[in-house]
Amino acid sequence: MSQHCSRVDRDGFHVPSMYHVERAYLYQTCSQPFQCGSLREISYPFWGGNRPISCGYPDFLINCQSNVPFLNISSTSYRVLDIDNPTRTLRVSREDLWETICPTLLFNTTLNFSLFDFSSAANDQNITLYYGCDTRGLFRGTPTISNQFNCSVNQSNSWGVYVAAEASGLQNSVLCSSNIYVPVNRTAARGLANATGSPDVLRDALRSGFTIQWSENNDNCNGCARSGGCGGIMREGGVCVLLH
């Protein structure tokens, strides 16, 4: 096993090795959480801001842009609305659906299941967004319906429809070219199922986000982080190192 030794200068004083200097620096750096917007105390397994990658897991970068924390999962950008370390959960919202309910690219909400999963304890519910719909069969003389919205993408106008659950018979009355599934919390789903739902209610529901759980698994690091007894935590060559 290699030794990391200090050297002695001409006056007999011990000069710390670069190894010890680096570890001392990482001790100081990794022991400090960082803040982005309303999120405070962002710490292991996350890194970003003043915390280098050695202080967390590579796929857990919190990218703070204009005081908004973002996390990239499977090439999809999510706004991080809340972090709960004791339960290892995050509340996130899809960035592509934050400003508009009519994204240019349509895809389902997917996760990297080796690191994240949907939280069963949260009881979030998928809603379905249908795009490119012919809703004439649904109107039956009524000019509008509460769960209808208009999209203008690439200078092309089309109708969309959302449902808070799989609606039996919807496919028989509405023809749509595509659809995507997006989780929302239960309160938001109830609001969307209400007869007074509207595109504004849909926007609010999508912004309210849904809960996911991270599954980064290192008992030493996690136990130390929960206890608050570590000066810092860093990763060295893919191995968790506790800095005391």
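Backbone N, Cα and C define each Cβ position, glycine as well.
As given in TrEMBL:
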DOMAIN    30-94  domain 'Wall-associated receptor kinase galacturonan-binding'
DOMAIN    162-232  domain 'Wall-associated receptor kinase C-terminal'
Secondary structure tally of the domain 'Wall-associated receptor kinase galacturonan-binding' (30-94) (DSSP, helix then strand then coil): 4 helix, 35 strand, 26 coil
Average model confidence [pLDDT] within the domain 'Wall-associated receptor kinase galacturonan-binding' (30-94): 92
